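J.: Handing you this structure, nothing more for now.
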Amino acid sequence: MNVSELRLRFANALARIRATKPLVHHITNYVVMNDTANVTLHVGALPVMAHTTEEAAEMTGLAGALVLNIGTLSPAWVDAMLLAGRRANESGIPVVLDPVGAGATAYRTETCLRLLGGLRVAVIRGNSGEIGTLSGAGGVVRGVESVEGVANPAAAAGVLAHRYNTVTVITGQRDIVTDGGRVLVVDNGHEWLTTITGSGCMATALVAAFAAVEPDFLVAAAGALAAYGLAAELAAREARGPASFRTALLDRIYSLTPEQVAEGARVERLRQP
């Protein structure tokens, strides 16, 4: 698949989201619930957040994709994630994992490894420190922010992708997406994404929306990041600072067209790391 074909797949995925409005079930953190619900809605999908063990699996059975985000952990939420993830696996529903702060505490790291070991995860999206921690390549995370990444991000992502048969995404100045064989780099985005809380979690939400309609999860993840980054570029043109940028970002995601994605996505293929 060449770059032109990739851009067309990205655009077609956005069009299918708008046409079919897939339900995306989020078991996510308190900090970003409103933002991830809105970004899911604005891209054209339908968000739902059902965290209790009494209904997490049942709700997942209705969804087109499941997000597991460990930003505000508790034992009860981990149990709900496992129940929801098992139902998703049984039903062929893609699971997208956001390992927020993996490496910052033992509990976060152990929870991520437990989820990866017990579930089939379609996509894992994190920053360089989080993915470096989980792959064994190193990396330093303070709170939920990466303060020291890995020397070779594509290689670290590839190790994790091979180990768990998943698509691994490292978001940063350039986004790396790999299934352990194919490697894509997405170059859309804007530095102001680092000034708003939850920008990574919103990226994960969009990956899940794209995965609900695009069965090649490498293409789904790269397409979501290209669309998100393009919306950020457009939003930055009219924003005056972080607060107005956040509002403009949601507006631009809402108004983004498949044609804009086909024309504006900046993606390249790399050799296997």
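Our numbering is plain: 1 for the first residue shown, then up by one each step along the chain.
A Cβ is built for glycine as well, from the same backbone N, Cα and C atoms used for every other residue.
Not measured: the values here are computed from a predicted model.
Below, the features straight out of Swiss-Prot:
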type	residues	note
BINDING	Met49, Gly198	substrate binding site
BINDING	Arg125, Thr171	ATP binding site
J.: Applying a 10 Å Cβ distance cut-off over all chains shown, what neighbour count does Thr171 (ATP binding site) have?
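T.: There are 27 such Cβ atoms around Thr171 (ATP binding site).
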J.: Provide the three-state secondary structure of Arg125 (ATP binding site) computed with DSSP.
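T.: Arg125 (ATP binding site) sits in a strand per DSSP.
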J.: Between Thr171 (ATP binding site) and Gly198 (substrate binding site), find the distance joining the two CA atoms and give it rounded to the nearest Å.
T.: 13
J.: Given the binding-site residues Met49, Arg125, Gly198, which one's Cβ is surrounded by the fewest other Cβ atoms within 10 Å?
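T.: Output over binding-site residues Met49, Arg125, Gly198: least Cβ neighbours within 10 Å is Met49.
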J.: Can you give me the Cα-Cα distance between Met49 (substrate binding site) and Arg125 (ATP binding site) in Å, rounded to a whole number?
T.: 19
J.: Going by DSSP, is Thr171 (ATP binding site) part of a helix, a strand, or coil?
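T.: Where Thr171 (ATP binding site) sits, the three-state DSSP reduction gives coil.
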J.: Looking only at C-alpha atoms, tell me how far Arg125 (ATP binding site) is from Gly198 (substrate binding site), rounded to the nearest Å.
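T.: Between the alpha carbons of Arg125 (ATP binding site) and Gly198 (substrate binding site) there are 13 Å.
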